[in-house]
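Report on one structure; see the data block that follows.
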Amino acid sequence: MKTIAVLTSGGDAPGMNAAIRAVVRTGLHKGLKVMGIQRGYSGLINGEIFEMTHHSVSDIIQRGGTILKTARSEEFRTEEGRKKAVNILKAFGIDGVVVIGGDGSLQGARLLSKLGISTIGLPGTIDNDLAYTKYTIGFDTALNTVLDAINKLRDTSSSHERVSIVEVMGRNCGDLSLYAGIAGGAESVIVPEKGFTEDELCRTILEGKLRGKMHNLVILAEGVGGAEKLAKRIQGVTGIETRATILGHIQRGGSPSAFDRILASRLGAKAVELLLDGKSSRVVGIRDGKVIDDGIEEALAMETKFDDELYEIAKILSY
Ligand code: F6P
C-alpha cells in the first residue's frame, strides 16, 4: 500500500472535513501518498483527483460541508461506470480508497471492493441510519441544530399558545426526530418506525391543553412527512392554531460538534490503519464507545433497530 485516496459522497454531513483531515494526516504520518477525489464517485469517473498535503487539510476541522465536494452519481450505479472508476484508480496508481458517506455511498464502496480495489467505508450522514454503528458522523451536530430550532419554536409557540409541528430530516430513520424530541421536551414524536393516528394525536394535544400546556411541540420525521397537511388537520379538529416548520437542509450544515469531530478523527485514523494492515471491504464505526470494523457485506445487510426504550421514555416525559 503506497498510495491511498479519499472521497466524500452522497448528502454532506458536518464532520466530513474532520474525517478527511484524519485520513490525510494519518496517511502522511505513515509514509503514504494521499490523493483527494473530488465530487464523489462522479469525480472519480472523471479523474478529478489531486495530491493532498498536510496543508490541504489545514483550517478545516471546524468547517461543515466537505472540501472535497460531494455528489450522487448515476453513472457509478452502472457496471460500465464502475469499470471506468477502477481504470482511473489504476491510472493514478491508487491502491486503497476511503469512502466517507451514507448507506448509498458505502454500497458503492462495497461494489468497488468487488472489483478488486481495497476499500474502507466511513459512516458520514446526519441520518444515523447505519445499523452496524451506534452513531454516524454528522448526527450529533444535526441533532444540536434541530434542538436549537426547537428551542426557538417553543418560545413563539408558548407566546401564541399554538401547536408547532417541526419536520426533521432522516430519510426513513426516526433517530434524529426521537433524540431531538427527548432533548427538546417535545409533546409528541412521530417516526416511520412507529404507527400513529391523527385522531390520537389530536386527542393528546387537546388533553395537554386542558392540563394547562401553553404550547405543543410535535416532532415529525420526514419519513412520515406531510407537515403542512397535518397542521391543517390538527387545527381543524382541535381548534388550536397550528403552524408547520420544515427544517430542511439547514440540518446538514454548520460547524461540527466536538463529538462529531472526535468521532471523525478516530474513524479516519482507523480506516488508514486497516488499509495498511492489508484489510479491505470493511466499514468502521463505533459501538459501546469503541472503534470497531466490520465486513462491509454483513454491516450493510444489518437491519436498523429503533430504540423502543428511548421512545417510551419520550412518551412518559412528555405528559
Ligand atoms: O441523507 C441525508 C439527507 O439529508 C436525508 O435526511 C434527506 O432525506 C436527504 O439527504 C435529502 O437529500 P438532498 O440533499 O438530495 O435533498
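Even glycines carry a Cβ here, placed using N, Cα and C.
Here is what TrEMBL says about this protein:
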DOMAIN    4-275  domain 'Phosphofructokinase'
BINDING   G11, R72, S73, G102, D103, G104, S105  ATP binding site
BINDING   R21, A22, V23, V24, R25, R154, G185, A186, E187, R211, K213, M214, H215  ADP binding site
BINDING   D103  Mg(2+) binding site
BINDING   T125, I126, D127, R162, M169, G170, R171, E222, R243, H249, I250, Q251, R252  substrate binding site
ACT_SITE  D127  active site, proton acceptor
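Sequence-ordered, the extra residues of this chain that approach the ATP site, with Cβ no more than 8 Å from the Cβ center of G11, R72, S73, G102, D103, G104, S105, are S9, G10, G40, G101, Q107, G108, T125. When the Cα of D103 (ATP binding site) is compared against those of the binding-site residues R21, R25, D127, E187, H215, the shortest separation belongs to D127. Using a 10 Å radius centred on the Cβ of I250 (substrate binding site) and all shown protein chains, the other Cβ atoms total 14. With respect to ligand 1, the binding-site residues G11, G104, D127, M169, R171 contribute G11, D127, M169, R171 as residues with a C-beta closer than 6 angstroms to one of its atoms, given in sequence order. Under the DSSP three-state reduction, R243 (substrate binding site) is assigned to strand. T125 (substrate binding site) is 7 Å away from G11 (ATP binding site) when you measure Cα to Cα. Comparing the binding-site residues V23, M169 on other C-beta atoms within 10 angstroms of each C-beta gives the minimum for M169. Spacing of G102 (ATP binding site) relative to T125 (substrate binding site) is 5 Å (Cα to Cα, whole number). DSSP assigns S73 (ATP binding site) to coil, not to a helix or a strand.
Between the CA atoms of R171 (substrate binding site) and R72 (ATP binding site) there is a gap of 15 Å, rounded to the nearest whole number. In sequence order, S9, G10, R72 constitute the residues six or more apart from G104 (ATP binding site) in its chain with CB-CB distances below 8 Å. Cβ crowding, taken as the number of other Cβ atoms within 10 Å, peaks at R252 among the binding-site residues R171, R252. When secondary structure is read from DSSP and collapsed to three states, G11 (ATP binding site) falls in the coil class.
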